[in-house]
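As recorded in Swiss-Prot, the features of this protein are as follows:
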BINDING   G8, R9, S10, G11, S12, G13, K14, S15  ATP binding site
BINDING   D60, A61, R62, N63  GTP binding site
Amino acid sequence: MRLIIVSGRSGSGKSTALDVLEDNGFYCIDNLPAGLLPDLAERALLNTEMLLPQVAVSIDARNLQSHLRRFPELLEQVRQRNIRCDILYLDADDETLLKRFSETRRRHPLTDENRSLAEAIADETQVLAPIVDLADLKIDTTHLNLYQLRDSLKLRLLNQPEPGTAFLFESFGFKRGMPVDADLVFDARCLPNPYWKPELRDFSGLQQPVIDYLAAQPEVEEMYQDILAYLEKWLPRFAASNRAYVTIAIGCTGGHHRSVYLANRLSQALKKPLKNVQVRHRDLS
């Protein structure tokens, strides 16, 4: 049995996550009281009429805070039943969450006559601390639209042909902010920039003209070899520590050329030794 627990601050995309999982064969339960987690696991395993190989539940700030404080204990009870359990935590920056609530005009679960929306959003971080501290996978949805979020969820949660640690190589542009869910970040902005070559500007780091240009630059090759040597040594240690997900982010200014080239090349080089390797280009439209 596989169980995915979806959590995160209100407005971060939990409903979308459940929709994606339901569309891919998961039995989904929204707003499950955390105290019922062990009972749900037991019933799903033992009741032949309720044999559910894939279950997803959302647990968030709508829960009793006393149940949320017990979350580590409840999770341990589930994992003692030899259930594969992943915790997905979605979040976005405060400004983005405020904007989303303003657009939908929905009520935040923590607002009341003494607590404004901005205060509720800030307080929710503390309320969910017992869950976020145990999250296997964190996704920052600040810069993701609905379709990008759905694609990201499919890539990280559903596209895992091999058991063990899933390694995501993600390119990004610093001008849109660093991915807060990255475990390792490498900065490629010091490398020669194809953007300043008019004949290369409209190509991406996945296309041959840019690939040929960057492959011919000694600094690019030197950085690639240095990063590759580091990752070859240390990523197996991440896997040995039973990490479910590791994100390696490579950034350049716009996220179109240098970071894309390096992320793609590194993912190809490490695909065989690491087995479960994925690649995503955050800012490549």
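Cβ from N, Cα, C; glycine included.
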>> If you count other C-beta atoms within 10 angstroms, which of the binding-site residues S10, S12, S15, N63 is the most crowded?
In response: S12
>> Applying a 10 Å Cβ distance cut-off over all chains shown, what neighbour count does R62 (GTP binding site) have?
In response: 14
> Taking the centroid of the Cβ atoms of D60, A61, R62, N63 as the GTP site, which other residues of that chain lie with their Cβ within 8 Å of it, listed in sequence order?
Replying inline: N31, I59, L68, P109, V127, L128
>> When DSSP is mapped onto helix/strand/coil, what comes out for G8 (ATP binding site)?
In response: strand
> According to DSSP, which of helix, strand or coil covers D60 (GTP binding site)?
Replying inline: coil
> Among R9, K14, all listed as binding-site residues, which has the most CB atoms within 10 Å of its CB?
Replying inline: R9
>> Using the alpha carbons only, what distance in Å do you get between R62 (GTP binding site) and S10 (ATP binding site) once rounded?
In response: 9
